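Below: one structure, written as structure tokens.
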């Protein structure tokens, strides 16, 4: 073998070996990030390696695509992926039929002379059905005849000014935004062809059932051809061009980094595959120019008279509905397109137009709409006047398109907490969303429309926008506090920057994040707030503390306050309206009356008997009624209820089979009690299924894992591994043992030998309002805690051993009544200082199960007046009148105001109190 030939073969073998080694990222291999895949690959949404759009898969390896007329190929598929029929010869890609490639300002293309690069004769620019020529060959332009986004193509390789036979074909950018057009079947019949088109909305290539005739330039024989042609150019609009000294008149401007090399305010440096070009800005595209330079329009006679370009009739006599962005009004408006020509401010749908052009106003998402739902809500960037945005949005300045100078754009904190939303259309593409729980941008499949603002085209765009976003603490009710910048306040954990929450809020850990959440007492004391308009108004529920009922109101969609519930049952459970201790409704007889339970009349096996306070409309009544057990609630199947509004509500239920909380769409009315507002509330409630009312399960520190124990059941329960304050119980629903009780920290809120009532929904101690009946569940009393830092430091407490003394709660004694009465009767709804039905300062109106009436109770130090009665006879105590000594006149006649009541005497105290009424103390502990 001759030496030169041998060296050539060795060189070729070395080149092939190098190419094979370079393709080391096997397609389909599992991956976590793109660096796991290697050259030409990336990690797709299914966590498998796939080829970049600038590469083609050949035998499970990714090979670089090579353009016609360029060298570097070793496989025919590298050439054919760019242009159908192209092949590799001597390391160079060549067009089919050995035709030389034709150079346009966007690069080399393969074509049959006399035809457009795409779809033959069909896309040629015509006026009155006559093909228009662009004299001047490849150096000519088509602007003079109104074809602003077209290229001049010749019918031979001698494309010079001496060859006048030329015509205008859509440029690469203009071809790729045309709507899908299947063409037509000729009268003699034909065959449907599987072609492809580029979807300008999603940026993906999709199948097209081409009928064989007609259609437009957005028509490709293969998917590879479609992706190579349309994904290597600007997303929308022509790139910035510069003049060449030889050959084709223009070529794209290539750049590096942010705007480096563009030097034009209407263009921005954009990465496309392995190249960076200067692409038109959103503002330039959505303007009157529609990404066509003014000097080009001037060649064709000047800018259009309107803010849209109707184009030129396509000869069919038809017009086509399109949408343009009107920068004067800040919205997308429909117009009639004539079929060819025009500019890039031309969208197939209003939704696409708004999503695309909103980016000239907002970095992500769309501006808020006003009550009409069509126009953007206006605001003042300086904060003056009444035109302000809700807290989820900020006022961003506009270029004079609004009266007040700004529109309301969503804040990153709001956008980046939104859930992943696929939408419900059928044009799927890969997008990125910020997962607030993990703090990372993740890929997902987008359906092409609807969805939400947490939707980014690239990983970098997502990461740059959401870099500083914090995960939102998931409060049981309401939203967590934010600072002036809209960032959530962190109140606990190793990275805490604030250790305490302000008044009416408590530090809550949702399993991931700490935040300051509104207390139950604060929430239920608030008046309803309609909030700021940020969409259509919806019907919600609030607790009316005046009538002690849950009522509906119209919520405008943003802001408001925490007294805002999706359903009436949520409101009743949270604010304890005719509610059982752990939520839910009492058992009712067929006639609708609540079943009262006694030792002789028991509850169904699914319910338990407990004191429940209800409001009759005029007075409170406390009776023993049947309440549902948590086991019964959490064992019920999912029930979507019945439709009673125009929208469904996302809710959670406990799946007893999988022992997990799962989401479902609730119709708004009826259904069953296995229906929770949040996943956290569902977990809290049903994992505490075995716990007695007012106690909850113990969890591992900063974890959702339950503390397990041994030796449950029986009268002599032992801790069996439970923390202090907890007891071991067997949970039939969870098939394991759990620890129920309250932490020692929470127990310190109550007096010695007493425990607080812990809500099974929120895992927080129940706060209360003193002297208000029904403020606590039955057998619990409202206690002022000296250990709590809260402003409203009243908590529902009970004794674990003695449920009720029969008169006053543990540690408290009855307040004596006026005129020597043993008890002072009261009304829980009366003002504290009411002379007839109030109890006075530091005293509480409590229900006595022995007396079946409300009496005043308090600490002995607050109830007992110092005994200033004479020591003899023994056991004399003062008679009180409105919390003070009852003074008297020893000479007054019986029955007069200054005389003492029966069974008491007017005696001299020997001090400044003078004469007061004294009586003998009763032997039963009362006065």
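Glycine residues also receive a Cβ, built from the backbone N, Cα and C atoms like all the rest.
All TrEMBL annotations are machine predictions without curation.
Per TrEMBL, the feature compositional bias 'Polar residues' maps to 379-391.
Per TrEMBL, the feature domain 'BPTI/Kunitz inhibitor' maps to 176-230 (among others). Along the domain 'BPTI/Kunitz inhibitor' (176-230), the predicted structure has mean pLDDT 89.
Residues annotated as domain 'BPTI/Kunitz inhibitor' in TrEMBL: 309-357 (among others).
What TrEMBL lists as domain 'BPTI/Kunitz inhibitor' is 416-466 (among others).
Marked as domain 'BPTI/Kunitz inhibitor' by TrEMBL: 524-575 (among others). For the domain 'BPTI/Kunitz inhibitor' (524-575), the DSSP counts in helix, strand and coil order read 10 helix, 24 strand, 18 coil.
Per TrEMBL, domain 'BPTI/Kunitz inhibitor' is recorded for 634-686 (among others). Taking H, G and I as helix, E and B as strand and the rest as coil, DSSP gives the domain 'BPTI/Kunitz inhibitor' (634-686) the counts 10 helix, 19 strand, 24 coil.
Annotation comment: TrEMBL describes 371-391 as region 'Disordered'.
Taken from TrEMBL, the feature signal peptide applies to 1-22.
Among the recorded stretches 309-357, 416-466, 634-686, the one sharing the largest number of Cβ pairs closer than 8 Å with the domain 'BPTI/Kunitz inhibitor' (176-230) is 416-466.
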